[in-house]
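Per Swiss-Prot, domain 'UmuC' is recorded for 7-188. According to Swiss-Prot, the feature Mg(2+) binding site maps to Asp11, Asp106, an assignment based on sequence analysis. What Swiss-Prot lists as site 'Substrate discrimination' is Tyr16, and the listing cites sequence analysis. Taken from Swiss-Prot, the feature active site applies to Glu107, supported by sequence analysis.
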Amino acid sequence: MKHYRKIIHIDMDAFYASIEQRDNKKLKGRPVIVGGNPQSRGVVATCSYEARKFGIHSAMPSAVAYNRCPYAVFVRPRFDVYKSVSEKIRDIFYRYTDLVEPLSLDEAYLDVTKNKKNIDSSIEIAKQIKKDIFREVGLTSSAGVSYNKFLAKIASDLRKPNGLTVITEENAQDFLDKLPVNKFFGVGKVTSNTLKNLGIKTGYDLRCLNLFELENIFKKRGYELYKFARGIDDRPVEPNRVRKSVGAETTLSHNLDIDEEETRNILDELCEEVCHRLKNSEKFGKTLTLKIKYEDFTKITRSLSLEHYIDEYNDIRSGVDNLLRNVEVNGKQIRLLGVTISNLSDKKETYKDITLFEYMDSIQM
């Protein structure tokens, strides 16, 4: 069966850190970490490729990153600058097609099956877009080209930085069969561990499971895994896709009591990550949810609806503290923590809203 869609996934290379290196020549070639101060409880938003050589990655506690590379340069995020650069990059995309689906400030899908330049080759379009981005904003990007979103997304990550990878219909199945399942887009840590425990290491191993087996193990997600293992993805590029929530969660390396200091430290990191993802998505949120899974696998959630939209770390952390106070101490230890913010709105619509702290001050006067 011949597919006729031409999909490109563009992913900027270490976007925030690359902008900092571009704007400050003294940082070029040095390990740069964008995120919180290592002396506080901040986390890494992103880091340069020089820093990644030390095993540093996003969402890592800044203190851990500092221990791995003490001479790294820590830089506070400049989201207004990142947003401005992102808008210039999107303008480049729109020269080629209106079918652009931004996933965040630094990545997007493009459907160039029919394009404004009347260029038949999607590979040539990807090359031109990469050249345009480098010439106009001074940054490198990586591109994945294929006949669906799933494969294009995987391809863009294969030859970073400044890479271009093509997955054709002819080589897709062979490529997927050899690919480790943890490299499949959308397969997170929990799913990856479940597959590993079942002895499933590659796409071929996954393809050997039938639909009934996958749905029995992964419920609704099983059908998606069944299709992805066969290179099937019918999702369209959606220019007006609405994101419903932003969240972060982690399965703990060892069980903890709810009132332990380490539990609070993990919540600090989760709130930092949610804050980072909110700003990256250019959103405000109005409903906070705390998720807790106990050692016996029972799960509870606590939610809080705010009067005003928020996107700042202090506001998110304060709200989570309020939710935590409503969790009963039941003697059971925690094995998973999660923080989600929903009821989202565009920043443009809510820019003048006051913060949670300002609101609390106003009702106390």
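From the backbone N, Cα and C atoms, a Cβ is placed for every residue, glycine too.
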Same-chain residues at least 6 apart in sequence whose Cβ lies under 8 Å from Glu107 (active site): His9, Ile10, Asp11, Met12, Ser156
Rounded to the nearest Å - Cα separation of Tyr16 (site 'Substrate discrimination') and Asp106 (Mg(2+) binding site): 9
Structural state of Asp106 (Mg(2+) binding site), classified by DSSP into three states: coil
PLDDT averaged over the residues of the domain 'UmuC' (7-188): 94
Cβ-Cβ distance under 8 Å to Asp106 (Mg(2+) binding site), same chain, at least six residues away: Asp11, Met12, Phe15, Tyr16, Tyr82, Ser86, Asn280
Among Asp11, Tyr16, the most crowded of the recorded positions [Cβ within 10 Å]: Tyr16
